[in-house]
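K.L.:
Quick one: the structure is below, questions incoming.
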């Protein structure tokens, strides 16, 4: 009687596309539950907290301003529910961009695993940075920030926000919070997780700080400035992956990166160090949202300066690494050139030597010593 051998087949491995589609479907179902809750009277009150912005105040119209009443918003604990809902929306949009745009490009380009992950990262971030930069610029123009920079510190605390301003901050917090579960969904490498956590944590710390300290005007300007520079970097990296000859974008990004850090420090010192320091009301008041005291101003400036210094340190290391890789790439080409004897002209000697003199590797090589002895 023949004995059947046990099957040694390994269980099927779920593909990356299947995992992304699976988690996107689950998140979509959860988001639909909140939207369907608006249709029923029993659950409408709870669903509204998640879907719509909370804490609105209607100000009556004045003769100097518009004829219609203005609806403004302030922040509160219920904003956490709104941030959670739009975090689910960000996960869904992330999966749509990944499946219908980035995955199709990856199949055509046949990237390696390292380039595949970096291409996905730059593709997602470039789309977000472009959208957020355009949206933030629209708010700056509509609220007259460019024509009157004193709005950054005048009439502080800025505890009342327009619908666009509050929705912008809610969206920013939701997007960077959604990056935490995406580390699992995208199967990020263990060695890359600490870098990503620091990256995400810095964004959440500064955005939440500007939102809670009622420095939303300054935060908006700095975010638009920073997002524009980051967008240029990631779009340059996308072009570099398609063709490695496209490296001019990195040079432009390097210049704008340094200028962006300088402008960030100038605007921060001008707003917090001079504008708020000369304000009349400098008393800590949680009820009105006034945090214009010396300790808070020092903490804000210190956090901004430390972050800019950290980014410059990372930038310098990045440029040094690129310079070393470029030098290492050109070194084999130099070694393959023919050796130069003493009878050759000084012009050819400069190709393998330094300042017209031969190097020790060429002049004192074993082959040359053998020829001299013969």
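Even glycines carry a Cβ here, placed using N, Cα and C.
Dumping what TrEMBL says about this protein:
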COMPBIAS  334-347  compositional bias 'Basic residues'
COMPBIAS  352-363  compositional bias 'Polar residues'
DOMAIN    117-326  domain 'TLC'
REGION    334-374  region 'Disordered'
TRANSMEM  26-51  transmembrane segment
TRANSMEM  83-102  transmembrane segment
TRANSMEM  123-147  transmembrane segment
TRANSMEM  167-185  transmembrane segment
TRANSMEM  197-214  transmembrane segment
TRANSMEM  220-240  transmembrane segment
TRANSMEM  252-274  transmembrane segment
TRANSMEM  294-316  transmembrane segment
K.L.:
Check the transmembrane segment (123-147) against the transmembrane segment (26-51) for contact, please; criterion is three or more CB pairs under 8 Å, pairs 6 or more apart in sequence.
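P.N.:
Answer no, regions not in contact.
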K.L.:
Restricting to the same chain and to residues at least six past its boundaries, which positions have a Cβ under 8 Å from a Cβ of the transmembrane segment (167-185)?
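P.N.:
19-20, 23, 53, 79, 82-91, 94, 128, 132, 135-136, 139, 161, 193, 196-197, 200, 203-204, 207-208, 210-211, 216, 219-220, 223.
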K.L.:
Most CB pairs under 8 Å with the transmembrane segment (197-214): which of 83-102, 252-274, 294-316?
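P.N.:
The listed stretch sharing the most Cβ pairs with the transmembrane segment (197-214) is 294-316.
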K.L.:
Let me spell it out: take the transmembrane segment (294-316), skip the flanking residues so only those 6+ beyond its ends count, and list any with a Cβ under 8 Å from a Cβ in it.
P.N.:
202, 205-206, 209, 213, 215, 254, 257-258, 261, 264-265, 268-269, 272-273, 276-277, 282, 284
K.L.:
Are there residues at least six beyond either end of the transmembrane segment (252-274) with Cβ under 8 Å to its Cβ atoms? List them, or say none.
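P.N.:
Beyond its ends, the transmembrane segment (252-274) has Cβ neighbours at 152-153, 215, 218, 221-222, 225-226, 228-229, 232-233, 236, 297, 300-301, 304-305, 308, 311-312, 315, 319.
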K.L.:
Cβ under 8 Å, sequence separation of at least 6 from the ends of the transmembrane segment (83-102): give me the contacting residues as numbers and ranges.
P.N.:
17, 20-21, 23-24, 27-28, 30-31, 34, 50-51, 119-120, 123-124, 127, 170-171, 173-175, 177-178, 181-182, 185
